[in-house]
Every structure is written in structure tokens, then in C-alpha cells.
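**Q** The structure under discussion is supplied below as C-alpha cells; questions concerning it will follow.
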Amino acid sequence: MEDCLIEDQTTFYSKAEHYWKEVPPTVDGMLGGYGSISSIDINGSKLFLQKFLGEGQGKTGTGCALDCGAGIGRITKRLLLPLFRTVDLVDVTQEFLDKARSYLGEEAKQVENYFCCGLQDFQPQPKRYDVIWIQWVIGHLTDDHLVEFLRRCRSGLRPDGLIVVKDNVAFEGVIPDDVDSSVCRDLNVLHRLVARAGLNIICEEQQQNFPEEIYQVHTLALR
């Protein structure tokens with residue numbers, strides 16, 4: 001869908017890398033100046049995720065999680081580390097991962113791996129993760145790369161594992177953002193890409209109580 005919007009794939013990715021290298025390694029930087037919504041975001045994510053975690057048939061384990069597009073570790077610190085024994089972070093910007101080690105503080109000892117890599121090239125270790133959390137980053141992948149990445153994520157899940165995608169959704173179609181070199185897809189487009197990846201949507205919710213001027217944000221649980 002967005003291929004007509006992305007003329008040069010290499011430029012699409014390199015522009016995004018350059019953009020993030022200029023962003024300060026702070027919570028406000030990670031959230032594009034909307035640092036004030038962080039707690040609302042984390043609380044909504046926690047309520048969503050805890051529905052699936054636990055012991056017993058069909059429940060998702062709490063051994064290891066992967067934070068995709070982790071930045072300085074905002075989600076790792078406040079959502080994943082309190083719920084999982086170990087967490088891995090992956091982000092394209094090394095400065096953010098370096099900052100994460102201090103930002104996470106004492107809890108950093110629960111982090112096993114800091115991967116510096118774009119998601120279009122990242123290969124999750126097979127059958128390692130109970131939860132793969134992908135938030136505010138899928139817009140930096142082309143359609144084909146997103147489908148391929150989701151397929152690799154599926155292979156990275158433990159039994160009853162879960163992929164969670166939380167991101168902006170457009171009202172209609174695909175909207176390019178030339179500032180950070182990304183796209184925002186509507187739900188129909190996103191649903192089609194999830195289906196192409198061979199995944200099923202087992203739960204979907206809209207994040208509530210965000211400012212009206214920003215995109216709607218939806219959370220999808222996939223397996």
C-alpha cells in the first residue's frame with residue numbers, strides 16, 4: 001500500500017536513522033514531545049497485557065520479553081521488567097541503548113541483551129520470547145518488511161507466546177510523515193499485513209485518554 005509513497009527504500013530507512021540520532025535520549029524525546037502521556041500509556045498497556053499472563057492452558061508465560069524499538073527503555077522499565085524475569089531490547093540508535101543502561105538503573109541487571117539493529121534486519125532468537133512488544137515503530141518498516149518481521153517474531157515465540165503491536169492508526173489509508181520518515185496505516189491495512197504474516201488477532205483495543213490532537217492508538221495481541 002505504501003510502496004507508492006516510498007520511492008527509495010534505502011533513503012526511507014537512512015532518513016529515519018538520521019532523525020532519531022538527533023532526538024534527545026529522554027522520555028520526552030522518545031514520545032515526540034508528549035512525555036506527559038507516558039503513564040497513561042503504560043497503565044493502558046499493563047491492563048491489556050495482564051489479561052494474557054499467568055499459568056495454565058493458553059496463558060502466556062513471564063520468562064522473557066523483547067522490547068522492539070525500545071529507545072532508552074521507557075517500556076522496558078515501567079511495563080516489561082516488573083512483569084518478566086528477563087527482557088531484551090532492540091533499537092536502531094546506539095545512543096539510546098547506551099542511555100538505557102543508566103535509565104533502567106538497578107533493574108538493568110534483568111536485561112540480557114541490547115541489540116542495535118533496525119527491525120527490517122533483526123532476527124529474534126527462535127522460541128526465546130513469551131512476549132514480543134512492538135510499539136510506535138511499525139511505521140518505520142515498509143509493508144513487506146513488516147510482514148517479514150512479524151513472521152520472524154512468530155518464530156521467536158515460546159509456546160502460548162504473544163506478539164503485541166501498539167501503534168498509531170490513520171483514519172483512512174496510509175499517511176506518510178516526511179519528518180521522521182515513517183508511515184501511519186489505517187486498521188484495514190494493518191489487519192491485512194497481520195494476515196499476510198500468518199498471524200491471528202486475538203484481542204484489539206483502542207488506548208483511551210490520549211490527547212485529541214494525536215492519532216488514535218490501537219493495541220493488537222497476535223499469535
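Note: Cβ is positioned from N, Cα and C throughout, glycine not excepted.
Note that the structure is a prediction, hence the values are computed from the model and not measured.
Relevant sequence annotations retrieved from TrEMBL are reproduced here:
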- G69, R74, D91, V92, T93, L119, Q120, Q135: S-adenosyl-L-methionine binding site (BINDING)
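Help me understand the surroundings of these features in the structure.
**A** The Cβ of R74 (S-adenosyl-L-methionine binding site) lies under 8 Å from the Cβ of V27, M30, L31, S38, each of which sits 6+ residues away along the same chain.
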**Q** So if I measure Cβ to Cβ from V92 (S-adenosyl-L-methionine binding site) and keep only same-chain residues at least 6 apart in sequence, which ones fall under 8 Å?
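**A** The list for V92 (S-adenosyl-L-methionine binding site) reads A16, E17, W20, G69, C116, C117, G118, L119, given in order along the sequence.
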**Q** Could you tally the C-beta atoms, other than its own, that fall within 10 angstroms of the C-beta of T93 (S-adenosyl-L-methionine binding site)?
**A** 22
**Q** For the S-adenosyl-L-methionine binding residues given in the record (G69, R74, D91, V92, T93, L119, Q120, Q135), what is the largest pairwise C-alpha separation in angstrom?
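**A** Greatest Cα separation within the listed binding residues comes to 22 Å.
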